[in-house]
Amino acid sequence: MKAIIVLLMVVTSNADRICTGITSSNSPHVVKTATQGEVNVTGVIPLTTTPTKSHFANLKGTKTRGKLCPKCLNCTDLDVALARPKCTGTIPSAKASILHEVKPVTFGCFPIMHDRTKIRQLPNLLRGYEHIRLSTHNVINAETAPGGPYKIGTSRSCPNVTNGNGFFATMAWAVPKNDNNKTATNPLTVEVPYICTEGEDQITVWGFHSDNETQMVKLYGDSKPQKFTSSANGVTTHYVSQIGGFPNQAEDGGLPQSGRIVVDYMVQKSGKTGTITYQRGILLPQKVWCASGRSKVIKGSLPLIGEADCLHEKYGGLNKSKPYYTGEHAKAIGNCPIWVKTPLKLANGTKYRPPAKLLKER
């Protein structure tokens, strides 16, 4: 109690000017705090940036996949996925991939009914694997499959490397070889063995051909709609072919086609057998995709220019200059800043206090 009285005496009798608090110059920095609202501070470090849109780039520290087959000229990713003639080549391994074709289509060969199946998803399915390769051997002998013997159909619209008639390497167009087996048939079943290396997923492409009644009788001896079923890895899919009603369509300078093909795929896990049940017009599986590992996929555009820390669906390639960013929120891969709704600042100074008022001597 005595100490307090003495202190008061000193303040009132000996000090004519006492300044309390911290004196500093005026500060333009304002931060919003959780407990005190907006507060002036003597210094801040910005933690956020607002990116500007840029081209997509290769992700630093890893290989980034643009086109499935960069050296396959004049080929779409679906052409590569179906192994169209002149569209086969090495697919580089990659831990990150750019989804640059929203609705993949084939550039030529036989007219495909893209929207009857999930075939448009095939390039993106393959893109999601780190390692992808096309088998060197056919998965089944199409010529001697049930319902045969068959001759393997080709098309002038699918020129091969010698500019002869060709077809997709992933499928064999099974056409009855002679008049004796150009007849209607009950559903037939073929087993599709697993031929990839243990641990790889096997992606098996198959399909069926249909045409107008005249052509169906000429090719297969049956003009009725045909039934097809695939089954693998617990997934079963059914189709019935459509007969006729297609306008003539030419692909890559070939003859006008009145027919269409429907193409699908099934995924066979390591060591697992698949089955296909079919009637006339079957496109039997041949070369299969063997795939392993995982590649992160993000929507973007080509070409890939330079390198970046982060790939962002809305902004392209970003280099991380701040830990957070504001702007459009979207999927991003790599060493990316974190999205926040409003800018963040880190106060690296002290709370600003105006100079204390002078106490006048009594």
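Yeah, the Cβs are placed from backbone N, Cα and C, and that goes for glycine too.
Features of the protein shown, as given by Swiss-Prot:
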SIGNAL    1-15  signal peptide
CARBOHYD  Asn40  N-linked glycosylation site
CARBOHYD  Asn74  N-linked glycosylation site
CARBOHYD  Asn160  N-linked glycosylation site
CARBOHYD  Asn181  N-linked glycosylation site
CARBOHYD  Asn212  N-linked glycosylation site
CARBOHYD  Asn319  N-linked glycosylation site
CARBOHYD  Asn348  N-linked glycosylation site
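Positions of Swiss-Prot features highlighted on the structure.
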residue : record                      : Cβ within 10 Å
Asn40   : N-linked glycosylation site : 17
Asn74   : N-linked glycosylation site : 10
Asn160  : N-linked glycosylation site : 14
Asn181  : N-linked glycosylation site : 15
Asn212  : N-linked glycosylation site : 15
Asn319  : N-linked glycosylation site : 16
Asn348  : N-linked glycosylation site : 11
Task: Cα distance (Å, whole number) from Asn160 (N-linked glycosylation site) to Asn40 (N-linked glycosylation site) - done: 73
- [ ] Specify the secondary structure state of Asn212 (N-linked glycosylation site) as given by DSSP, simplified to three classes.
- [x] coil
TODO: Whole-number Å only: compute the distance from the Cα of Asn319 (N-linked glycosylation site) to the Cα of Asn160 (N-linked glycosylation site).
DONE: 44
TODO: Could you round the CA separation between Asn212 (N-linked glycosylation site) and Asn181 (N-linked glycosylation site) to a whole angstrom and send it over?
DONE: 20
Task: Among Asn74, Asn181, Asn348, which are recorded as glycosylation sites, the nearest neighbour of Asn160 (N-linked glycosylation site) by Cα - done: Asn74
Task: Distance [Cα-Cα, Å, rounded] between Asn181 (N-linked glycosylation site) and Asn74 (N-linked glycosylation site) - done: 39
Task: Residue pair Asn74 (N-linked glycosylation site), Asn348 (N-linked glycosylation site) - Cα distance, angstrom, rounded - done: 56
